[in-house]
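*Asks:* Here it is, the structure in full.
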Amino acid sequence: MGVHSFWDIAGPTARPVRLESLEDKRMAVDASIWIYQFLKAVRDQEGNAVKNSHITGFFRRICKLLYFGIRPVFVFDGGVPVLKRETIRQRKERRQGKRESAKSTARKLLALQLQNGSNDNVKNSTPSSGSSVQIFKPQDEWDLPDIPGFKYDKEDARVNSNKTFEKLMNSINGDGLEDIDLDTINPASAEFEELPKATQYLILSSLRLKSRLRMGYSKEQLETIFPNSMDFSRFQIDMVKRRNFFTQKLINTTGFQDGGASKLNEEVINRISGQKSKEYKLTKTNNGWILGLGANDGSDAQKAIVIDDKDAGALVKQLDSNAEDGDVLRWDDLEDNSLKIVRHESSNATTAPQKRSNRSEDEGCDSDECEWEEVELKPKNVKFVEDFSLKAARLPYMGQSLNNAGSKSFLDKRHDQASPSKTTPTMRISRISVEDDDEDYLKQIEEIEMMEAVQLSKMEKKPEADDKSKIAKPVTSKGTEARPPIVQYGLLGAQPDSKQPYHVTNLNSKSESVIKRTSKTVLSEFRPPSQQEDKGAILTEGEQNLNFISHKIPQFDFNNENSLLFQKNTESNVSQEATKEKSPIPEMPSWFSSTASQQLYNPYNTTNFVEDKNVRNEQESGAETTNKGSSYELLTGLNATEILERESEKESSNDENKDDDLEVLSEELFEDVPTKSQISKEAEDNDSRKVESINKEHRKPLIFDYDFSEDEEDNIVENMIKEQEEFDTFKNTTLSTSAERNVAENAFVEDELFEQQMKDKRDSDEVTMDMIKEVQELLSRFGIPYITAPMEAEAQCAELLQLNLVDGIITDDSDVFLFGGTKIYKNMFHEKNYVEFYDAESILKLLGLDRKNMIELAQLLGSDYTNGLKGMGPVSSIEVIAEFGNLKNFKDWYNNGQFDKRKQETENKFEKDLRKKLVNNEIILDDDFPSVMVYDAYMRPEVDHDTTPFVWGVPDLDMLRSFMKTQLGWPHEKSDEILIPLIRDVNKRKKKGKQKRINEFFPREYISGDKKLNTSKRISTATGKLKKRKM
């Protein structure tokens, strides 16, 4: 803080100096007072200290110093002198009182606010004279209050990111289910019951986990999918129902409970009871491992498992013979008592037909020439079983809306076979025959014949030339009996009030699309697993059964621009544009909006030191333009390393073009700045480790501190506001960047209590050692030297100036004059182009104050080493020095005339008024006044006398980026907005060279001349007396 009100005395002697004249000057900077200023002045709307404000403030000031070519040396406080330690003790007692005062003020403020609120309620509740009597209406007990919305922070560790969901969902398909679309599997089907228990357990476990994770969709995606909150609630309830079904099915499969979901086909799974004398072991066979639970466990030929179906072998032989002869299969012969999965395909599907492997491909058959055999269709009594697959969940088609929602739909496997114009996916209803099982084998023969008829419908002239699948038109007789249609409901069609129409699929319809397969492919699917093993199949039994009921997952067709796995196509996809028009993005409801997290109050933005909208606007506009009319394709055949290398090459080429004008001009000040986006991992790791260690340490306050008066602390706040406004202009004009948002100053002040509470909070905060370490880390990355003084930083700055290691001192602490400082620069960051310069020679010449007089003023006004005399202001103190010459004469005058009325009567008007003021303030001047210890502390401070010159390094751009990102969360682009233009301008100025000025050839006093002081009459009279004493 320095000497109280000393700047008011020395202020008239200051001269404005242009910042350009300080180019290439070595300046000692008192860093400790900077930290104190940021701690006291930078506050949020509630008066609390803004976290890391000292880092942002130092970063801003360092950039300005380097821009004007100033070479700074930062000096930090070290130990604490004995006299100052005593002052600190008294200050801490006062700080503790401030803390208690802050609590008391907060209670008063709360009581006042509650009183105001209570008065408003009473006032509003008073009925008017003309108002009618209000009728009481009971509120429904189930009526819930309206919730306008909720807020959350995207950086909250409790909120899972999209990458976390993607990793977790990918792990679900990691246990041999990579090529299986789990969403299409219906655990309630008969085919699922035929799978091995181990496979059923694996599938049910994956489905349970996937249903619990809301199928992997992010918040933004769900907002777009469900614009209505009621639809989202239905989706949640539907997921709970399916998860309960999966859980019950899993319990029944493992044998922990009988009955339940396993009774769909009237089979009960019995739990195996454990016995002490019985063991279960795995036996290795030629085809793998089997679990022996009985005598005929299938481990060898003698212990073969007996199959009840004696006709199965004959049936398979007949199937093989039909496949070899190329017989035609008829579709209506495939009806049996087992479950049929009806796959809904779009009429405009672009699925490529499979190549035929039999001789029917060579012969060929036009669709117009082929006629189908008339087959009698027998209606059957069927019952409908609900589809419990995830694909049939209550989830509408997302299409392009998911991509526009903000994150890629990496889990949408249900619509992978996408067509240019997709229709709404449907819920499949399986049908199960109610006839006896004895007719199964007879129906299988009819199924084979029906499959042969299917082959005729697959024959086309050019199956691979056209984009759309051609449909064979069968010829049927009018008398053919119609098959009962299979009803397919939409996802929301199960609701009675749904507006979506029902889709009815008739197997005799001419518009029904048929997927082409060969007879051998179909036979291979319907052949029992034992026969496939005889053919030398490599797949395990579980995989064979999974392939029996599911197809492989096709390639994903993402349109997410942010993904590294996609690149732009040269041709625009017209069909995707049509899809976007047909599927508009629904409006997000306010209660499900993600913008709330971005509108949360951030205390880091209250200071608003550095902000630019150019880069952000360019990114947003670029994102909008790339979203329009651009399509992407999946990069296959590349691993992650190759993809990252591609992206890195693109980024590096762009950065090189961007920063080509940054060149090395001199190794003394700057060198080439690496602007590639390749921050070393070690730097960021070190930053994270340092931050963690800092957070773990207890942030203890330092012993040293500054003691400002109330008026001086108010001036600090005003000066910081002026500095912020000046920096806005400096950043906008000098660095040629866009205007940033103005600083949010103190919000409304409700009353005097609120203002007093803010002052109390300001007084209670103290500088910590962690703050100093963070600032020193920032200086090292800028390449700026710094030292820690043995004791006082101001004394060390004055010593550096006397040793000619620096050319001036930048500080707002007036103690520097008392330690021997002669060239002081103050208010460096308040004006754009000027700074206040104070010279000890000018002060002596204009005010008549030398170093000894300044120390005597400190004992009257108060400083870090003494509390001063109560009631003594700057004018009275300088009048005392001018009237009595020194403090010893002043003490003799006061003590000798204290009880001598004769002397008091002979005193002049000034002496009478001064004595009256001292007596009213109960001033006692003892033998220790003036203090010799205070005089020695200022005249002979403990400093470092080392004469080693300082060396300035080169700012490390990558290290600065990582530091600002770690400490303040700044992205690299925001740091580059300040650093890159700064380095460019510095290099440009260095290239032009330094111009000689007239003050380098002539003494300064010949240029400036005598300056007329603008002081009060009393100070002018007192300084006149002082100057006469010096003559």
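Cβ coordinates are placed from backbone N, Cα and C, and glycine is handled just like the others.
This is the feature table in Swiss-Prot:
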| type | residues | note |
| --- | --- | --- |
| REGION | 1-95 | region 'N-domain' |
| BINDING | D30, D77, E792, E794 | Mg(2+) 1 binding site |
| MOD_RES | S118 | phosphoserine |
| REGION | 342-367 | region 'Disordered' |
| MOD_RES | S367 | phosphoserine |
| REGION | 406-426 | region 'Disordered' |
| REGION | 459-480 | region 'Disordered' |
| COMPBIAS | 459-470 | compositional bias 'Basic and acidic residues' |
| REGION | 570-591 | region 'Disordered' |
| MOD_RES | S583 | phosphoserine |
| REGION | 670-694 | region 'Disordered' |
| COMPBIAS | 679-694 | compositional bias 'Basic and acidic residues' |
| REGION | 756-884 | region 'I-domain' |
| BINDING | D813, D815, D864 | Mg(2+) 2 binding site |
*Asks:* Just to verify a number: CA distance, D813 (Mg(2+) 2 binding site) to E794 (Mg(2+) 1 binding site), in angstrom, no decimals.
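*Replies:* Between the Cα atoms of D813 (Mg(2+) 2 binding site) and E794 (Mg(2+) 1 binding site), the distance comes to 8 Å.
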*Asks:* Quick one: give me the count of other CB atoms within 10 A of the CB of D864 (Mg(2+) 2 binding site).
*Replies:* 27
*Asks:* Per DSSP, to which secondary structure element type does E792 (Mg(2+) 1 binding site) belong, with helix, strand and coil as the options?
*Replies:* coil
*Asks:* Around the Mg(2+) 1 site formed by D30, D77, E792, E794, which additional residues qualify by having Cβ within 8 Å of the site's Cβ center?
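*Replies:* Same chain, not in D30, D77, E792, E794, Cβ within 8 Å: S32, I33, V75, A789, A793, A795, Q796, C797, T811, D813, D815, V816.
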*Asks:* Quick one: pull the CA-CA distance for E792 (Mg(2+) 1 binding site) versus D815 (Mg(2+) 2 binding site), whole Å only.
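*Replies:* Checking the Cα atoms of E792 (Mg(2+) 1 binding site) and D815 (Mg(2+) 2 binding site) gives a distance of 10 Å.
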*Asks:* In three-state terms from DSSP, label D30 (Mg(2+) 1 binding site) for me.
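*Replies:* Its secondary structure by DSSP: strand.
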*Asks:* Same-chain residues six or more away whose CB lies under 8 A from the CB of E794 (Mg(2+) 1 binding site)?
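*Replies:* E794 (Mg(2+) 1 binding site) has long-range Cβ partners G2, D30, T811, D813, D815, V816, F819, G821.
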